[in-house]
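What follows is a set of notes on a single structure, which appears directly below.
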C-alpha cells in the first residue's frame, strides 16, 4: 500500500486516549529498553512489568526475540532489516499507548536514528528511553544464549557489539547501571514513573 494512497483514510475512535487512560487509572507510555545483548534489558523489563502488574497497572511487554517469532519473522539482522523491525515494533507500541497501556519494549535497537523514529511516532511525553548500560565484557561473560561465543567464532554475522555497531543513547530519560541488582533498577524505574505522574500507585 502506498503511504499516501487517497483511498486509505484514518478513522478516529469514538473513545479517546484520555478516556482510556482515565479507565486504566494511569497514562499510556512506552518504556523503550535499549542496550547490548546480555545487558539485562529483558530481565529488567520483565521484573518491572511484574511490579507494575501487582500495582494494578495495565501493561504489555514486547520482547525482541518474541516478535521475531511472528510479527517480524520475515526479517534478518542486516541494517535494513533491523530498521524495519524497529519500525514495526514502534507502530505496535504506539497503538498500545493509544489503548492507554504502559508498554515495555526490550530491543537492542542499536541505532539512534531508529529509536528517534519511534520517539517521534509515539510523541514526546509518551516515550521513555531506558538505557541499560552494561559493559561489553560483562555482557559477553553472561552470554545467556551463547551468541557472543558464536560471533567471536565467526558463526554469527552482524552481531551488535562485535561486528555491528551499537550507538549508545546520548540523552536517555533514564540511564541504568546494568551491573546493579535488578530490584534496584526496578525501583529507579518506578520512581521515574511516579515523578512523571504516569502512575500514581
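Each residue, glycine too, has its Cβ placed from N, Cα and C.
Database features (Swiss-Prot):
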type: BINDING; residues: 35, 36, 37, 38, 39, 40, 41, 42; note: ATP binding site
type: ACT_SITE; residues: 109; note: active site, phosphoserine intermediate
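Where Swiss-Prot records a feature, it is marked here on the structure.
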residue : record                                  : Cβ within 10 Å
35      : ATP binding site                        : 28
36      : ATP binding site                        : 26
37      : ATP binding site                        : 25
38      : ATP binding site                        : 24
39      : ATP binding site                        : 27
40      : ATP binding site                        : 26
41      : ATP binding site                        : 28
42      : ATP binding site                        : 22
109     : active site, phosphoserine intermediate : 28
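Relative to residue 109 (active site, phosphoserine intermediate), the binding-site residues with Cα atoms inside 10 Å are 35, 36, the candidates having been 35, 36, 38, 39, 40, 41. In the three-state DSSP classification, residue 41 (ATP binding site) falls within a helix.
Taking the mean position of the Cβ atoms of 35, 36, 37, 38, 39, 40, 41, 42 as the ATP site, the remaining residues of that chain whose Cβ falls within 8 Å of it are 106, 108, 132, 134, 139, 178.
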